[in-house]
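Colleague: Below is a structure I'd like to ask you about.
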Amino acid sequence: MAVALQQQSKTNMGPKGITFSGNTFTVPETHDMVKTLFDPTVRKSYFELVILALLASNGLVFWLVKTNSTRIEIFIGLYLFWRLSYNFGIGYLLHQQSNYHKLVNWANKLNIFDEKNHSIASRLIKSEISAQMGPKYKISKYPVDFNTWLVFRKVVDLILMSDFTTFIGVVVTCAMDNDLQFLNTSQQEPWIVYSRLIVGAGLILFNLWVKVDAHNIIKDYAWYWGDFFFRQINNEDLIFDGVFEMFPHPMYSVGYAGYYGFALIAKSYRVLVVAVFGHFLQMIFLHYIENPHIDKLYGPSGNEADYQKITKIKDLKNFDNLKPLVGLYNFSWLRAADLLTLIMVTTYSVIIPAFASSIVGTAQFRGAKINIAHCMFALTVAIKVFESLSINIFLVLQSYYKLFTKRYLANDIPIEKSLSNWAIIYNGLISWTYASFVGLNFFHYITGMEYSKFYFYDWVYLRSFLGALLILTQVWINSSIIDSIGYFGWFYGDFFLPTSPQRSHLTKAGVYRYLNNPEQLFGVCGVMGLTLIAPSLENFVCCLLWVSNNFFRINFVEKVHMIKVYGEKEVFQDSGVTKTFKKQLIPDVISRRLSSNDEAPNFGRHRSTSHLVTGITDTLESFIKELRQSNAKLSRQNLLELSQNLYFDNSDYQITIDNLQKSDDRMPKYTTIGTPIEITWKCPENHSDKDWIGLYKVVQTTYSRSKTLISSSGRWTWVESTRGSYVFTGSKLFWEEGIYEFRFHLDGKHEVAYISEPFEIKAPKIEVPDTLSASKEFAEQLKLSVFDPVTDIKIPSIESPICDTVEKSHHLLETYRRLAKLISTSTGITISSNFLFNAGTEHELSVHQLSKKLINIKKVLEDLSPAAIDEKKRQ
């Protein structure tokens, strides 16, 4: 029923109402259905007496009809009549009133409430209203809209009370069937009988609490669909309090829990089917009558609705402007990934089980028979374990290191692609696990279910009904989650893309209004449902795997990341269910005390957990960084000893490196990557013409002073005279940071005559600017420090295409690799060689364009950094 937000403050004048034509009035006090009909102190109108008589007449069925099976059929027929009158009769009237104001127009057209109208119908209706509202009520002083609503209320009273009474008739007659089956302990174990009665009574009491709490909140105005006829002033929004904060549309959802409680008590599948049918019709009524009217009155304005649609469309840009595949939903024949997913799902859910069933009993391996059932089970478990580990590990790496995002940026691929491709991987893995689980059960079905292996095999129809209900619940919950957080949230988008201002807070709309993590339980209830239908050991193990992985992923992967991005206050905000339980079960004084004291420990506990993980990660990163930089941190003396240069102090052979730079006496001399290195040598007159000098990494040669045991890989030159010089450049250089040395070798062999002083090759450090306005200066620095040393021919200007110069190099691909590596090392922004020759597909990439791309990449990575996220949270 349409729900109004704020309870009006009780004043002597009562709440104010306004008709859709603009007339204002004071809304008089009215009574609820139960008090009106059954309270003897309240005066009854003629129509109310007729309603009571009709309700009592249902008892004639027990007196006039002697056969219980006939009674059941009569009551089912009566219930169907009143249920259809409710959902389609009242539904039709409300639809006409909501869209065309038909009921009010009919009253105006017939002058029903006109004092001069003395027709029988007019007099009866006015008499009914006077009896209902009391002698002080003046019909002419109130709008036709309000008086029409009062008449409509009596129609509702008749239909709703008759609907419930005939349903109780179905319950009683079915419970009486088969020698009082609902209490008969000879037909069922006593503990089961008592359990049924207790659980059923609990559901009925819960249903009663829902109805009473709902009525206390929304009053008669919304209970009788008052907002179809007029509006109460200052009630522009929907209410979310009490039971409305715990469940979506409680009058239509959990408000029918009592129906299933009656079915349990009656021990009747007939009652269960009738309850399901009635509940189903009620959901249709909600969807086609109630929700459209709620959206019209309380929903967003036209501009707001358009904005929401535009936001959803914009979100699709992360998925190539198409709705991504979820399971097999949004399937498109034009997407290769969708076709592959369909083939995979069909293969594992149908083809493999069908093939496996055909070789049961005949399959052998090395003469031994293979248990195909065990193989199918092992396959399902292996797939689920693989999916769990791969997705969890991947999300952790993405959360802390942005592994996937950096990989895409390094190849000049838009970061939106990282999310769209992740969505394909994620959906494929999830679909694979569900297909294998369905396939396992399909295999057992076509090979013949061994019911003896079930933990319980009674109540087949009940188990099937509850199992199907759980499966449908998971489908509905998943759909509701996507409606609330979109495909961006469904595929963990905030692990991959920077949060925008529109996503600076966690949503509390839709299903998230009632539960903080609806997927924690309901996200795998479909697996529970299938396990309930076929309760075998294999299914229980699979169900445990699904539930455990779901719990771990939400609490130790997703929640940790959410705290990092949105903050603990957002993540640990009470859900609607929690708020209502606190309000109902904990006194206000204690609740306030707990809320003030409880948040700090919670904060500390979760903070310590997240900080522990972050601390371990930071320590590991620091250790690796120090390890990589350890050569640069060695003292000059240690390096000399490490390279064993001191052993050749008095040698007749000598190598001098001419163009090294010096920064500190304690540190070795250095040059930058790509800079040509000039050496001079001297040796005795009688040296061999086959003497040669090679360039090596110190860490690879330190264990051998007298002989070099590794190849120079082309980084060498002949010594043709007693004195001379040579410039190592291009492919004869190392293109990575490290500590190096030159070695003088004798007679074309690897015996060492001299080892030069060690020196360092460093990458030039280039600071990437924060804004595009500094891109030209940045480009000039890139050209001078990176491109000029690497390319054989210097690039003419920063606006010249890079490819024109690189293509003139002797080693095209190697030059691209060197450029990419040096740019990555110098700027701290990792790119690949593909970045350089793919980036200029439409326009040839220049150094200036490259500098702009690097600035943009830096901005994206900074937006994804913990510091930026913390700054956004503070704002």
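Even glycines carry a Cβ here, placed using N, Cα and C.
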Colleague: Is it true that Swiss-Prot lists Tyr224 and Tyr457 in the same topological domain, i.e. on one side of the membrane?
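Modeller: Opposite sides, per Swiss-Prot.
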Colleague: Tell me, please, if the transmembrane segment (423-443) and the transmembrane segment (377-397) are in contact, taking contact as 3+ Cβ pairs under 8 Å between residues separated by 6 or more positions?
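Modeller: Contact confirmed: at least 3 Cβ pairs fall under 8 Å.
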Colleague: Hey, which of 155-175, 246-266, 271-291, 377-397, 465-485 has the most Cβ-Cβ pairs under 8 Å against the transmembrane segment (190-210)?
Modeller: 246-266
Colleague: Below 8 angstroms Cβ to Cβ, which residues of this chain, lying six or more residues outside the transmembrane segment (246-266), approach it?
Modeller: 1, 167-168, 171-172, 174-175, 181-182, 196-197, 199-204, 206-208, 210-211, 214, 272, 275, 278-279, 282-283, 285-286, 290, 511, 513-514, 576-577, 580
Colleague: At a C-beta cut-off of under 8 Å, are there same-chain residues at least 6 beyond the topological domain 'Lumenal' (398-422) that contact it? List them, or none.
Modeller: 317-320, 324, 488, 491-493, 495-497, 557, 560-561, 564, 614, 617, 824, 829-832, 834-835, 838-839, 853, 857, 860-861, 864
Colleague: Under 8 Å, at least three CB pairs between the transmembrane segment (271-291) and the transmembrane segment (74-94) (pairs 6 or more apart)?
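Modeller: Between the transmembrane segment (271-291) and the transmembrane segment (74-94), contact is present.
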Colleague: Run through the topological domain 'Cytoplasmic' (176-189) and tell me, per DSSP, how many residues are helix, strand and coil.
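Modeller: Helix/strand/coil tally for the topological domain 'Cytoplasmic' (176-189): 5 helix, 0 strand, 9 coil.
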Colleague: So how many of the residues in the topological domain 'Cytoplasmic' (267-270) end up helix, strand or coil by DSSP?
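Modeller: Counting residues per DSSP class in the topological domain 'Cytoplasmic' (267-270), I get 2 helix, 0 strand, 2 coil.
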